[in-house]
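What follows is one structure encoded as structure tokens, with my remarks underneath.
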């Protein structure tokens with residue numbers, strides 16, 4: 001173990017910060033970033049290219065009442081759950097820079113492996129989504145200019161995977177993103193503003209839309225449950241301790257600032273594009289909103305290129321815990337340009353992204369993967385584990401009302417996780433029959 005170099009933002013904070021906090025060994029940077037940079041990392045995740053699908057994957061299955069209430073409720077519950085995890089970051093006098101480290105500190109070594117598995121399944125599934133969306137954006141860009149010979153989605157996903165590999169090799173760790181976070185924000189604003197403006201223009205000119213929820217009663221039950229998993233997927237990263245590890249001391253206070261930024265200013269663009277897209281097209285809204293809008297070709301092309309490029313940056317954020325594990329495991333330290341370090345990144349990160357790209361092209365059912373990711377890992381990591389860890393860590397410090405609240409969260413989200421997993425698997429099974437592998441959706 002080594003002690004962190006505490007870098008408080010003010011002298012008063014330095015005096016208040018009494019813990020001699022230890023940091024586990026890692027090949028990546030720790031305690032180097034401001035709360036604002038962490039806030040932009042979180043906001044980038046919320047307003048990633050996935051927002052182009054929420055009108056279709058959340059609002060269409062839930063309708064106006066279910067969608068609006070669900071999103072607002074998911075916002076509040078997600079903020080509460082993320083705050084619990086952030087407050088446990090220094091539990092036991094150590095900075096828990098990985099989710100699995102925090103679980104092991106509270107539950108014991110066995111929880112380390114279980115949490116590690118859940119988290120990496122979560123991140124792998126999210127990265128599959130980014131590859132599918134990046135490929136969809138690239139395909140849509142080709143379609144804007146060439147209607148006769150549109151490049152098929154699997155090929156576009158392969159190009160996206162190659163671009164992500166180049167970016168992963170050239171960007172050694174999460175803190176190295178810095179200027180790329182600014183680029184990501186600009187790119188995100190481009191496709192969000194374009195989608196909102198063009199959708200609003202279409203909505204004003206369009207006849208009355210159909211906002212009813214379609215399908216048989218049995219299928220609607222499954223799609224509604226699946227959409228509930230998409231709700232929590234929209235707000236949560238599944239890697240909060242890893243992001244908090246980059247934040248300067250006092251880590252808890254600064255991370256709470258970053259979360260407040262994410263769940264206030266950061267969610268506004270996501271809400272805007274989700275509601276405007278559904279208002280404009282109703283039940284006919286596409287799961288990739290830029291496929292629904294009409295407007296000048298160059299504007300649509302710019303939005304799709306922005307979505308493609310932003311998916312590359314976002315994938316790197318969600319793949320960074322995997323990269324950190326590999327770099328630390330094999331002792332990759334020092335200059336990122338050292339031949340040994342560079343060759344390792346090419347082999348390890350390239351191999352990871354080749355597998356991810358292959359799976360993405362094989363089964364490009366985006367909405368289904370969002371639902372399965374939310375069910376299998378976002379529910380357990382963000383809500384079940386967060387609330388239960390807080391109960392165990394605080395023990396007798398909680399009031400009876402607080403214990404009832406946290407236990408209620410554990411039970412309710414456990415039931416929802418099981419139900420959402422069944423619903424997502426059913427959706428994947430249905431779509432697998434409807435579409436062949438390497439489908440051109």
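Any Cβ shown, glycine's included, is placed from N, Cα and C.
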Which residue range, 6-26, 90-110, 153-173, is the one TrEMBL calls transmembrane segment?
153-173
Pick from 225-245, 372-392: which range does TrEMBL record as transmembrane segment?
372-392
Looking at the stretches 120-141, 153-173, 179-200, 258-281, 346-366, which one shares the most CB pairs under 8 Å with the transmembrane segment (35-55)?
258-281
If we skip the immediate neighbours and take only residues 6+ beyond the ends of the transmembrane segment (179-200), which ones have a Cβ under 8 Å from one of its Cβ atoms?
37, 40-41, 43-44, 47-49, 51-52, 171, 269, 272-273, 276-277, 279-281, 289-290, 292-295, 299-300, 302-304, 306-307, 309-310, 313-314, 316
Mind pulling out the one from 120-141, 372-392, 404-429 with the most Cβ pairs under 8 angstroms to the transmembrane segment (153-173)?
120-141
In terms of Cβ proximity under 8 Å, which residues at least six beyond the ends of the transmembrane segment (346-366) contact it?
53, 57, 124, 127-129, 131-133, 135-136, 153-154, 157-158, 160-162, 164-165, 168-169, 287-288, 319, 322-323, 326-327, 330, 427-428, 431-432, 435, 437-439, 441
